[in-house]
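Inspection log for the structure reproduced underneath, given as structure tokens.
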Amino acid sequence: MGELFRSEEMTLAQLFLQSEAAYCCVSELGELGKVQFRDLNPDVNVFQRKFVNEVRRCEEMDRKLRFVEKEIRKANIPIMDTGENPEVPFPRDMIDLEANFEKIENELKEINTNQEALKRNFLELTELKFILRKTQQFFDEMADPDLLGESSSLLEPSEMGRGTPLRLGFVAGVINRERIPTFERMLWRVCRGNVFLRQAEIENPLEDPVTGDYVHKSVFIIFFQGDQLKNRVKKICEGFRASLYPCPETPQERKEMASGVNTRIDDLQMVLNQMEDHRQRVLQAAAKNIRVWFIKVRKMKAIYHTLNLCNIDVTQKCLIAEVWCPVTDLDSIQFALRRGTEHSGSTVPSILNRMQTNQTPPTYNKTNKFTYGFQNIVDAYGIGTYREINPAPYTIITFPFLFAVMFGDFGHGILMTLFAVWMVLRESRILSQKNENEMFSTVFSGRYIILLMGVFSMYTGLIYNDCFSKSLNIFGSSWSVRPMFTYNWTEETLRGNPVLQLNPALPGVFGGPYPFGIDPIWNIATNKLTFLNSFKMKMSVILGIIHMLFGVSLSLFNHIYFKKPLNIYFGFIPEIIFMTSLFGYLVILIFYKWTAYDAHTSENAPSLLIHFINMFLFSYPESGYSMLYSGQKGIQCFLVVVALLCVPWMLLFKPLVLRRQYLRRKHLGTLNFGGIRVGNGPTEEDAEIIQHDQLSTHSEDADEPTEDEVFDFGATMVHQAIHTIEYCLGCISNTASYLRLWALSLAHAQLSEVLWTMVIHIGLSVKSLAGGLVLFFFFTAFATLTVAILLIMEGLSAFLHALRLHWVEFQNKFYSGTGFKFLPFSFEHIREGKFGE
């Protein structure tokens, strides 16, 4: 087994970095992305570590850059992305970066403050302009004598009788348009109908100086009499956030004020345009460099975070770090350290020292853009234990194949393949666009999985001879109706029977198996489902048992690699015998029945289901029960007995052997380590030798207790009993679980057929001149439903079922998945623009 089928061999290494070279060395390691730093200060608060001030400075620069980026995006200026990977700035360059970012931030804040003040002034002048314009119209309408009847309620009866001249007060302002109805009701109720409100909409929306949004507003003027009503009206206007403006009473004064307002608006507009041009120039200059600035700052921040994980020796001249790294990359790591030392100008080289440890290393599986998606499928179940068999290489084939068994349709497979090919061909452009849509990003990351699923679906679709629920007659059917008339069919037979069955036993009726896949004649046969159900059910059982046997076989390589002979003798061997004795025999029976019975003898073929049930019951009736082959009873009884013997073999032998080994070690008076004889009471020096020897030869079989460990026979028996029961029952339930291959395939085929019959078939049946137009609409509905239901919904369903078959039925035979992932210190996410990670 090469490295492709296992995780990379990892080692724990210790780094000794000179203080002046540590920054550059960590920078080079980040560019390499092959080491995972361990935190050597787990008990130290993050705010008490050595480089916390540098981290804060980087965070402050990052905050300023986020502010600039927000302003750039608000101005709809594209951020330039040349794909450049800038080098990490030296620590001394941080001051220049801080000064530059401070200057840009202050300049933008000053521009924004001035612009907001000018826009607020511009808004007030614009509102005043509309007030002067609209109020003039209101006063012109007030001169109309018909208005007197509407406003007469404002006059007291005594005043009307005296004939004194009427003098009404008024206020004018602007309010948001959606508040007008509520505003009007409030005025009416509070003032008890003693005010007169006129309002008119402002045609163009006005820009809010704070948010930048455009708001629809209306001009209003309120007439009232008396100071008490005036105070009430002003309080209501204040509550509704209406802007009140002074409005002259005479037309001449209003005209003069309007002229002055228009002049000020023109001047203000000119100043705003100049300020906006200046702001655009500043933001465009920043947009050219902001991506590079982000990468530089966040690389520096990542380096200082990593340096905070290191220890500092007592001389304050050296930083000590511990890292996990792949053994195969040690040379490149050494080269990166030398390069970092040279860049820093240090004369003292950095040292990398491999360490011996009994800690479990992280799991690191190398992937590329093709295998990445399949490895994620495996890791979603659980990160593999260090150096155990990696299921991902086998999943590359088995996953899309089992998906295709459930999804098998040549037409749907073509559509899925074309979609995947489109994503593969345009992957560079799509990656450069950095699409933030989570759903599309998930689909795009699995583009090679979708590609293989589509290709395998085309293959299984040809096997099923199913293309949009119709068969492809490529080689011509092997069945012929003509010979039936030679024997016993007549015209009366055709007229008297709506359905007739062909007899393949008659010469010439059946010409042999179809060259590839299923004969197209079955598509129009009334007993199509009977035939296909039998075929797909048996196929599901065969594929499932082969898949599970393959999983059990892979466990052997794990036991051999980890040197666990007990697991081979009392685990793998009885497991493989148990499964092959029962379910492997079932597969043999299926193939035997297919080959032993032909068209002439098929009516005498016994039921495999009945035979398999009777095999467990040891029931073999003498009458009305035909055997498949001679000696069947003896062989089946032998296989069942062997399978039953495998149960105590798995259950008892391993705990008993472990107990015997423990007792033998316990009763030994002395142990010999490398020629040094140690008695029952070892000295301190000898004890250290023992401890070091036990550490270096750490037990590769976790089930075998060492001398110092207490062996709990009861716990071991319970654990082994659970494993045995789980495996034996799992063989039955997992085999039944693979029948989902048959069920999903049947459901997909039937949905496809219903869609064809209920939609496209109706469109094709229209024979009038409008048939083409009708077919266009029916085909549109057919295409939409095909993509939505059969490709997306059914595809997702088949995907989830294939996922379950791999996680539960396949991987639980050999894959423990109890490891933890190798997370190297890398600048890759920063380079790709995934700053949050």
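Cβ from N, Cα, C; glycine included.
Note that the structure is predicted; figures quoted are calculated from it, not measured.
For 1-388 (among others), the entry in Swiss-Prot reads topological domain 'Cytoplasmic', with the evidence type sequence analysis. For the topological domain 'Cytoplasmic' (1-388), the mean pLDDT of the prediction comes to 87.
Long-range Cβ neighbours of THR250 (phosphothreonine) (same chain, at least 6 residues apart, Cβ-Cβ under 8 Å): none. Look at Swiss-Prot and you will find THR250 (among others) tagged as phosphothreonine, backed by similarity to another entry.
Taken residue by residue with DSSP, THR360 (phosphothreonine) is part of neither helix nor strand, so it is coil. Positions annotated as phosphothreonine by Swiss-Prot: THR360 (among others).
Among the features that Swiss-Prot reports, phosphotyrosine is placed at TYR364. Listed in sequence order, SER7, GLU8, MET10, PRO326, LYS821, PHE822 are the same-chain residues six or more apart from TYR364 (phosphotyrosine) with CB atoms under 8 A from its CB.
Long-range contacts of the transmembrane segment (389-407) within its own chain (CB-CB distance under 8 A, at least 6 residues past either end) are made by residues 1, 4-7, 365, 367, 371, 374-375, 377-378, 413, 449, 452-453, 455-457, 459-461, 539-540, 543, 547, 550, 554-555, 557-558, 740-741, 744-745, 748, 794-795, 798-799, 801-803, 805-806, 810-811, 814-815. If you look up Swiss-Prot, you'll see 389-407 (among others) marked as transmembrane segment.
The annotation transmembrane segment is assigned in Swiss-Prot to 410-426 (among others).
Among the features that Swiss-Prot reports, topological domain 'Cytoplasmic' is placed at 427-441 (among others). Residues 81, 83, 369, 447, 832-833 of the same chain sit 6 or more residues outside the topological domain 'Cytoplasmic' (427-441) yet have a Cβ under 8 Å from a Cβ within it.
Taken from Swiss-Prot, the feature transmembrane segment covers 442-471 (among others).
Residues annotated as topological domain 'Vacuolar' in Swiss-Prot, with sequence analysis given as evidence: 472-534 (among others). Secondary structure of the topological domain 'Vacuolar' (472-534) per DSSP (helix as H, G, I; strand as E, B; remaining residues coil): 24 helix, 2 strand, 37 coil.
What Swiss-Prot records for 535-554 (among others) is transmembrane segment.
The topological domain 'Cytoplasmic' annotation in Swiss-Prot covers 555-572 (among others), and the record cites sequence analysis as its basis.
Residues or ranges marked as transmembrane segment in Swiss-Prot: 573-593 (among others). Listed by sequence, the residues of this chain that lie at least six past the ends of the transmembrane segment (573-593) yet keep a Cβ under 8 A from its Cβ atoms are 538, 541-542, 545-546, 548-549, 552-553, 555, 605, 608, 611-612, 628-629, 636, 639-640, 642-643, 646-647, 649-650, 727-728, 731, 735.
Under DSSP, residues within the topological domain 'Vacuolar' (594-638) fall into helix, strand and coil as 23 helix, 0 strand, 22 coil. Annotation source Swiss-Prot lists topological domain 'Vacuolar' at 594-638 (among others).
Within the same chain, residues 566-567, 569-571, 574-575, 577-578, 581-582, 585, 615-616, 618, 703-705, 711, 713, 716-717, 720-721, 723-724, 727-728 sit at least 6 positions outside the transmembrane segment (639-658) and bring their C-beta atoms closer than 8 Å to a C-beta of that stretch. According to Swiss-Prot, the feature transmembrane segment maps to 639-658 (among others).
Annotated topological domain 'Cytoplasmic' per Swiss-Prot: 659-724 (among others), in sequence order, evidence recorded as sequence analysis.
The annotation transmembrane segment is assigned in Swiss-Prot to 725-749 (among others).
According to DSSP, THR250 (phosphothreonine) sits in a coil region rather than a helix or strand. For the transmembrane segment (771-809), the most Cβ-contacting stretch among 410-426, 442-471, 535-554 is 410-426 (pairs under 8 Å).
Note on the topological domain 'Vacuolar' (594-638): residues 503-505, 510, 585-586 of its chain, located 6 or more positions outside it, place their CB under 8 angstroms from a CB of the stretch. Taken residue by residue, the topological domain 'Cytoplasmic' (555-572) breaks down under DSSP into 15 helix, 0 strand, 3 coil.
Break the topological domain 'Cytoplasmic' (810-837) down by DSSP state and the numbers are 8 helix, 1 strand, 19 coil. Sequence-distant neighbours of the topological domain 'Cytoplasmic' (810-837) (same chain, 6+ residues past either end, Cβ-Cβ under 8 Å): 7-8, 10, 26, 29-37, 81, 85, 291, 294-295, 298-299, 302, 306, 324, 360, 362-364, 378-379, 381-386, 388-389, 391, 398, 434, 547-548, 550-552, 554-555, 558, 730. Sequence-distant contacts (6 or more apart, same chain, Cβ under 8 Å) of THR360 (phosphothreonine) comprise THR385, TYR386, GLY819, PHE820.
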